[in-house]
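Shown next, in structure tokens, is the structure this report addresses.
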Amino acid sequence: MKISCFLLLVLSLYLFQVNQATDQDTAKCVQKKNVCYYFECPWLSISVSTCYKGKAKCCQKRY
């Protein structure tokens, strides 16, 4: 029983992987050392572009 649960866990982790750097806008954001957020940017950050094909915001620190 333990082995079957472990195999199911490994299989589910393998099938549901998320590759975050697949989009061109996401790669540009990460290369500029900015951070992608699906919701609003944090308090001391501004939105400079988009990530994940326009679904998220690329946020840059203000200081």
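Just so it is clear, glycine is given a Cβ too, placed from its N, Cα and C backbone atoms.
Under the heading disulfide bond, Swiss-Prot lists CYS29-CYS58 (among others). Classification of CYS58 (disulfide bond) by DSSP places it within a strand. In sequence order, ASP25, LYS28, CYS29, ASN34, VAL35, CYS36, SER47, VAL48, SER49, THR50, CYS51 are the residues of the chain that are 6 or more apart from CYS58 (disulfide bond) and have a CB within less than 8 Å of its CB.
Using a 10 Å Cβ-Cβ cutoff, CYS36 (disulfide bond) registers 21 neighbours. Residues or ranges marked as disulfide bond in Swiss-Prot (evidence: similarity to another entry): CYS36-CYS51 (among others).
Here Swiss-Prot flags CYS41-CYS59 (among others) as disulfide bond, drawing on similarity to another entry. When secondary structure is read from DSSP and collapsed to three states, CYS41 (disulfide bond) falls in the coil class. Counted within 10 Å of its Cβ, the other Cβ atoms near CYS41 (disulfide bond) come to 19, all protein chains included.
Annotation comment: Swiss-Prot describes 1-21 as signal peptide.
The Cβ neighbour count for CYS51 (disulfide bond), using a 10 Å radius and every protein chain shown, is 24. All chains included, 24 other C-beta atoms sit within 10 angstroms of the C-beta of CYS29 (disulfide bond). Its Cβ taken as reference, CYS59 (disulfide bond) is surrounded by 21 other Cβ atoms within 10 Å in the chains shown.
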